[in-house]
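Asks: The structure follows.
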């Protein structure tokens, strides 16, 4: 495996084991942890932009209103994604978080057809219907809609769709996204600590270091991805990304002893089958495109 692919794999592996980190903050209010994650991620990107002297990119974006609004929207979406993910990990819903990222492919495909008029093959439409059927069956058996998985997956799919329209450098974009929601994050931190529902009284001594570390474990994988994806094919990256939910699934069952019921098996089975069909269809379409682009002799 080439170095670029190793960086991408390291990013997905880091995301896959993130539950181990967030579990250390299980005693703290999830919104408080989210707020700290936003602030310290912004601080990390602030430092990075300063070291790399990329402030010109920030000034350029500030003069482009539409781009700024897109980045602010992306910031709101990733806030929903990060927040619900932290809540899921610390409230025995790691399996739902895992399922969310297995569902990314069909969710993103549907958004692509709606927002960007991308065309799906018949196989891909079938795969999408299969994933939807799995969710419907699970909702009936559980007696409740799997909203945690759908909102986590849907918010990230929407975030990806917004990012598809953004032309700003990745580092500058992440800084602006986090900076856009930092005022609300800081307000919540102050209010929560004043009311006694924040970190004060819960975290002691070195435990406070976990909050800035939340920014580190957020930004470093993103930087690895940004470096690695430049020399890694999207097809390989698309396969490697499933390291993330697979590791989460294993952690949820083996490390944190979440129950993997028959209904979970049915739901994951439908989604996994949908995913395999998507990958096969995508491979066949790329193969056909390459064949059609070859010059005739």
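Note that Cβ sites are derived from N, Cα and C of the backbone, with glycine treated the same way.
Keep in mind it's a predicted model, so treat the numbers as computed, not measured.
Residues or ranges marked as domain 'EamA' by TrEMBL: 3-139. The transmembrane segment annotation in TrEMBL covers 5-25, 31-49, 69-87, 99-116, 123-140, 146-162, 174-194, 206-227, 239-256, 262-281.
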Asks: With Cβ-Cβ distances below 8 Å as the criterion, list the same-chain residues six or more beyond the ends of the transmembrane segment (99-116) that contact it, or say none.
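Replies: Result: 85, 124, 127-128, 131-132, 146, 148-154, 156-158, 160-161, 164, 238, 241-242, 244-245, 248, 267-268, 271-272, 274-275, 278-279.
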Asks: With DSSP, how much of the domain 'EamA' (3-139) is helix, how much strand and how much coil, in residues?
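Replies: Tallied per class, the domain 'EamA' (3-139) gives 116 helix, 0 strand, 21 coil.
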Asks: Establish whether the number of Cβ pairs under 8 Å between the transmembrane segment (146-162) and the transmembrane segment (31-49) reaches at least three, counting only pairs separated by 6 or more residues.
Replies: no
Asks: Any chance you could find the range in 5-25, 31-49, 69-87, 206-227 with the most Cβ pairs under 8 Å to the transmembrane segment (174-194)?
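Replies: Going through each listed stretch, the top one turns out to be 31-49.
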Asks: Would you say the transmembrane segment (123-140) and the transmembrane segment (69-87) are in contact under the rule of three or more C-beta pairs closer than 8 Å, pairs 6 or more apart in sequence?
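Replies: No, the transmembrane segment (69-87) and the transmembrane segment (123-140) are not in contact.
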Asks: By a Cβ-Cβ criterion of under 8 Å, what residues six or more beyond either terminus of the transmembrane segment (123-140) are in contact with it?
Replies: 103, 105-106, 109-110, 146, 150, 263-264, 266-271, 273-275, 277-278, 280-282, 284
Asks: Cβ pairs under 8 Å with the transmembrane segment (5-25): which stretch of 31-49, 206-227, 262-281 has the most?
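Replies: Looking only at 31-49, 206-227, 262-281, the most contacts with the transmembrane segment (5-25) come from 206-227.
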